[in-house]
Every structure is written in structure tokens, then in C-alpha cells.
Amino acid sequence: MLDPKVIVALDYPNQDAALAFVDRIEPGSCRLKVGKEMFTLYGPDFVRKLHECGHSVFLDLKFHDIPNTCSRAVAAAAELGVWMVNVHASGGERMMAASRDILEPYGKDRPLLIAVTVLTSMEASDLAGIGIACAPQEQVLNLATLTKNSGLDGVVCSAQESTMLKSALGKEFQLITPGIRPVGSAAGDQRRVMTPVEAVSAGSDYLVIGRPITQATDPSAVLAEINQSLA
């Protein structure tokens, strides 16, 4: 696939298990997401190993800091050669704009830069607990609009917000959606979930899927089935 929609979340207890999984799937069938746990344990060398296997990597570290510090972290991700990197939209416009600007020298080789809006585990009561009075959907739109105005490529959002965001922010604004569960999968700790077909129909551009693929007896077959459903 030239532009696979599935991003597999590599949430493994150790590097060997992750690399064993990677050996079982075709690089062109998906992209891989490396999050905080695995990056903290195994660092940039782990990402380099994934690149050596032919895979594109979404570095999901959700940078959130003062503009100078955040932008330098984003530049470090670009130097590592990742396909996508993210920041927290709640860091504000100056932080996001600085992160965007620092990628300009990379031209067409720069990673996609996206922002996290409202974590998919959060409900209205969770937002209220941190002093945000609006509903999750309203806060997602607020932060996604700020992200677009800051010049970023897109946002992480739940599939339930995808149609709203595509309508409000345009088709070119990329939507990356976690909380995706193929039919028959458990919801786990995600609160706002959809199937792959539902999510793409709603407007999501890329789908983050973890355990339904990584814990499958035949992950390549599960991935192929998902890709076929989206063809």
C-alpha cells in the first residue's frame, strides 16, 4: 500500500517481543507507533531498528514544554527520520508554531507534525476535574482549530469528532484516530471507540490500532483483513 491507513501501536513489555512482531508483518501494510514506554526503555536505537526493517514510524511522545524546548525535541525527531511526531495542542500557539517553523529546513523530508487534542480516555467529568467546563467535543474543536491556525498538519482525535473536524477544518487537515477496535474486539481502556470502517467513513485519515493486531495469533492476517475492509 502506498499510504497505509493503519498505524500499529507497539505496546510491548520488551524490545525483543516488539521486533518479533515486526518481523511478522509487511512494512507496506501499516506504519508503527512508538510511545513513551518503549522509547524511554530503548531510545532512538529502537526507532532506527524499525527503520532498518523498512517501517515508517509515528513517534508518539506528545511533547509539551516551552516553545524552544518543544521545538528542539521536534527537530530531534526529524533528525531521527520519523514519519510523524506529535505535540500537545494545549501547549498553545507559540509552542506549536515554533515546532512547525523548526521543521522548514527539512522540506519534503520533514515529518508530519500533529497535535493531541483531548485524550480518548477522557470524558466530560475528567475535563471538569482539570478546570475545563466544556464537553470533550467542544474542547477538541477548540484545540484542533488552534492547531490548524498554528500551521500544523493535523490532530489526534477520536473518530466521533472526525466528521465535525473535517467539516470545520477542511479535507487536507489530517485526522489520526486511536480508540479503533475491529468488530468483536474489547474496548479496553479507550472510552470513545469505533471500528476501522466506521472511523474512515467518519473522516479519519489514519487509524491507531494496538492489541487487536499485536495480540492476535496471526497479526498479518488481521492486518490484511482490516486493510481489505478499507479498500
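Glycine is no exception: its Cβ is also placed from the backbone N, Cα and C atoms.
For the recorded site, Lys62 (active site, proton donor), the DSSP three-state label reads strand. Using a 10 Å radius centred on the Cβ of Lys62 (active site, proton donor) and all shown protein chains, the other Cβ atoms total 17. Annotation comment: Swiss-Prot describes Lys62 as active site, proton donor.
Swiss-Prot lists Asp11, Lys33, 60-69, Thr120, Arg181, Gln190, 210-211 with the feature substrate binding site, giving sequence analysis as the kind of evidence.
Every protein chain shown contributes to the tally, and the Cβ of His64 (substrate binding site) ends up with 18 other Cβ atoms within 10 Å.
DSSP assigns Pro67 (substrate binding site) to a helical segment in the three-state reduction. Pro67 (substrate binding site): 18 other CB atoms within 10 A of its CB, across all protein chains. Counting every protein chain shown, 23 other Cβ atoms lie within 10 Å of the Cβ of Thr120 (substrate binding site).
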